[in-house]
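Student: Here you go, one structure.
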């Protein structure tokens, strides 16, 4: 595809974006809004943001959800701005510095919460700064200004949602149905590969792809949930399917690992059975029927526990999958599966990374303030706003540097584009609302095409161009103000990018170590006699952490294998029949405390000390298990876990 070509699949969203901009512009001028530019800018960002992230037209519900987040973030930011102004109106410099800290605080929170919800916190950070900077000449108008901003943001979001609904947004339901069938086939093929005990690299690639696909399916579930309330039953089922898919991966990989030491456990009966190739979900369905008959004939005791558990999970997967596709009423059998176990949320391992983001945002905003006060530049306030916007939005993404570059390219492209609109197009169309709307529709259409291609600078160009052209009520064509605004955007983006480069994020290795120690802690916590704790479902949280590890360290197979081994150990120990007595219960609590100390240790020396203590406690625990005559289902997993921790002691304790 050429650089200027237009693909058919990109046209509908481009028209949708153009319609959102035109509708917002018309409503803004019709109802005499003070600054229609804010409403138009909001509509463009809310509509184009999900398209840029998806690399095409977003699915139904994505624009609506982003709009709701923007409303929430705007209201939080406006309230924070009002509180800061009321408390510190007599000390303007202190007031701006507190706003810089507030922007950093919101970035810190946005780095810790779910990525989908982080947008609201990033927006809350720079909204307060916008209000404080804008009301400097007339602080008494603060409540009116905050109210106007909130109302214009809401107008822009409503118009974007209306445009989305008019052009019949894509439903993700068919994609979900297809992925469920494809995922089931891939799960069966992984089990075939593990029973065949193929090459380790091939198995690693297979289970790694399945982890990514299961995570992607969870993202699809979130989209489906946003799409419509009629998918509520499908949403409940998909939550259960996420756990079942992860269970299938775990059981398959444990089957592979068992054969490293005890290949005789997998009998020829099962090797021959799993040698039959499958191509479709129907093939898997037929094979599962046969497998259940084989297990009934062989007997539960003669069937490896991993294959027995895998067959049960695959059967439940099939049952729930049919319910998702048909979206029928949940049956009693399904309800029993869905009620299952309470899911434990993952604890963030990126606290140090979040603190780095806090300092990046705060320092860049403070530097912007000093630059503004030192130069006295009339558009220094605009530069400050861009600094806050870039740092608040860039920090929550995997590659902040590329986001900074995107904004720089976008603001540079916005200068000639904005100049064309400011000097030629808008002055010649302001007498006709129709011509004005058409001129902005053309801008939205072509930039909408580029946004879907994820062209570098396209998103920044769309927002920056709308921000600098005259869309106020009434319109004022002062070239010096236009030039100041355009240059302020560029300078702000360059300063923000400079801070991103200078304040380096060296938290990657620390995050990796924390993640690995969290896997160890999860495996240790599975050794318990507490019935409630044993029923907790840690699997989604553990695989979420594994997915983060895979993104942080692409291609680092030893780390992935260690993490997967810890997950397998957790699942095996969770189901192990640990003898119930006060002595073991007290020792379980002691080991959990030691594992928590390993995670929270601030220095390598303390971490090594607590880790050595944990290894010693595991040796004592194994002796206690022998004294209390624990069965092999308990002693063998504990012995394997102890061996793994001894083997990877250096990787788990060194920064």
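Here, residue 1 is simply the first one shown, and the rest follow in order.
Cβ coordinates are placed from backbone N, Cα and C, and glycine is handled just like the others.
Per Swiss-Prot, the feature transmembrane segment maps to 13-33, 38-58, 69-89, 93-113, 121-141, 152-172, 370-390, 407-427, 431-451, 481-501.
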Student: Report the listed stretch (38-58, 93-113, 152-172, 370-390, 407-427) having the maximum count of Cβ pairs within less than 8 Å of the transmembrane segment (481-501).
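Tutor: That would be 370-390.
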Student: Which sequence positions outside the transmembrane segment (431-451), separated from its termini by at least 6 residues, show Cβ-Cβ distances below 8 Å to it?
Tutor: 6, 10-11, 13-22, 25-26, 29, 40, 44, 48, 51-52, 417, 421, 425, 458-459, 461-462, 465
Student: Of the stretches 13-33, 38-58, 121-141, 152-172, which racks up the most C-beta pairs under 8 Å with the transmembrane segment (69-89)?
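Tutor: Selected stretch: 121-141, with the most Cβ pairs under 8 Å.
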Student: Are the transmembrane segment (93-113) and the transmembrane segment (121-141) near each other by the rule of at least 3 C-beta pairs under 8 angstroms (pairs 6 or more apart)?
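Tutor: Output yes: the transmembrane segment (121-141) sits against the transmembrane segment (93-113).
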Student: For the transmembrane segment (93-113), give me same-chain residues lying six or more residues beyond its boundaries with a C-beta closer than 8 angstroms to one of its C-beta atoms, as numbers and ranges.
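Tutor: For the transmembrane segment (93-113), the list is 80-81, 84-85, 119-122, 124-126, 128-129, 132-133, 348, 350-351, 353-355, 357-362, 365-366, 369, 373, 388, 391-392, 395-396.
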Student: How about long-range neighbours of the transmembrane segment (13-33): same chain, 6 or more residues beyond its ends, C-beta under 8 Å?
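Tutor: For the transmembrane segment (13-33), the sequence-distant neighbours (Cβ-Cβ under 8 Å, at least 6 residues beyond its ends) are 6, 39-40, 42-44, 46-48, 51, 56-58, 148, 151-152, 155-156, 159-160, 162-164, 166-167, 433, 436-438, 440-449, 451-452, 466, 471, 473.
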